[in-house]
Amino acid sequence: MKIAVLSRNPRLYSTRRLVEAGIERGHEMVVIDTLRAYMNIASHKPQIHYRGKPLEGFDAVIPRIGASVTFYGCAVLRQFEMMGVFPLNESVAIARSRDKLRSLQLLSRRGIGLPVTGFAHSPDDIPDLIQMVNGAPLVIKVLEGTQGIGVVLCETATAAESVIEAFMGLKQDIMVQEYIKEAGGADIRCFVVGDKVIASMKRQAKPGEFRSNLHRGGSASLIKITPEERMTALRAAKVMGLSVAGVDILRSNHGPLVMEVNSSPGLEGIEVTTSKDVAGMIIEYLEKNSGPHMTRTKGKG
């Protein structure tokens, strides 16, 4: 197979591993800088050009689209789909997952466990918003944030009001969530490929920190997930329409709660922690499922 990897940086661990795994299994792997691909949206003959030449003959495409280039990246991926190239994750599902609020709305409609979450526009509604998520302590999240950036833990209602007012004053969209104290600064990353959770790890925040992201100095360890956690991760990925996803789950007193569904989960943390060939499993999924004109929109957006 000829497989494209949409990635800004061929030296990133995840990109390198996917290329290695593909070559090991006998495929031709081509890394394409997402922002250097440009499109000819012609009737009956959609094309993508790259460094002066049309891209042709691809069987599958693996999108590794960073949050900052979501709009353009999804447009390039959509053009691949129009050309009949099989996407590991579809453009519509990636766009859906990048909108944190929409993601939670879709998951809640399907009855998947979530932390109580509030969203408001007017400063007049802040006191009621805080009550809605069971008061302080609570967590405030910027909707566009990634890797734990733009996430604030407010210990008191007064602090929460000040922070929410500040964000609103900056015209920054935020959501407010209940703080799950019993999780103890830890979450579980379940790595979903197809209809299986192929690997999972526990991420623990460093002392004095509540964000467990590895980019924020959190540590990762092996964990055995429960059948309920496994089912929650699979259902969350399915609702989002993602074939490959990193589903972040908190262990609460009332069962597993989904924090986020990541459409471009990093491979380094999960491979190093579990010693599993996750990249190889992703390529294997493409071998089994890809075919010309197999793009079908999944999920219920």
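Glycine residues also receive a Cβ, built from the backbone N, Cα and C atoms like all the rest.
Feature annotations, reproduced from Swiss-Prot:
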- 104-287: domain 'ATP-grasp' (DOMAIN)
- LYS141, GLU178, TYR179, ASP187, ARG211, SER212, ASN213: ATP binding site (BINDING)
- ASP248, GLU260: Mn(2+) 1 binding site (BINDING)
- ASP248, GLU260: Mg(2+) 1 binding site (BINDING)
- GLU260, ASN262: Mn(2+) 2 binding site (BINDING)
- GLU260, ASN262: Mg(2+) 2 binding site (BINDING)
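What Swiss-Prot annotates, mapped onto the structure for a quick look.
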residue: LYS141; record: ATP binding site; DSSP class: strand
residue: GLU178; record: ATP binding site; DSSP class: strand
residue: ASP187; record: ATP binding site; DSSP class: strand
residue: ARG211; record: ATP binding site; DSSP class: coil
residue: ASP248; record: Mn(2+) 1 binding site; DSSP class: strand
residue: GLU260; record: Mn(2+) 1 binding site; DSSP class: strand
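For ASN262 (Mn(2+) 2 binding site), the count of additional Cβ atoms within 10 Å of its Cβ stands at 21 [all protein chains shown]. Residues LYS141, GLU178, TYR179, ASP187, ARG211, SER212, ASN213, recorded as binding ATP, reach a greatest CA to CA spacing of 18 Å. For the binding-site residues ARG211, SER212, ASP248, a Cα-Cα cutoff of 10 angstroms around ASN262 (Mn(2+) 2 binding site) retains ASP248.
Separating the Cα atoms of ASP248 (Mn(2+) 1 binding site) and ASP187 (ATP binding site) is a whole-number distance of 7 Å. Proximity of ASP187 (ATP binding site) to non-local residues of its own chain (separation of 6 or more, Cβ distance below 8 Å) is seen for LYS202, ARG203, SER212, ASP248, ILE249, LEU250, MET259, given in sequence order. The separation of GLU260 (Mn(2+) 1 binding site) from TYR179 (ATP binding site), Cα to Cα, is 15 Å. Recorded residues ASN213 (ATP binding site) and GLU260 (Mn(2+) 1 binding site) have their alpha carbons 12 Å apart, per Cα-Cα distance. In this structure, the C-alpha atom of GLU178 (ATP binding site) lies 14 angstrom from that of GLU260 (Mn(2+) 1 binding site).
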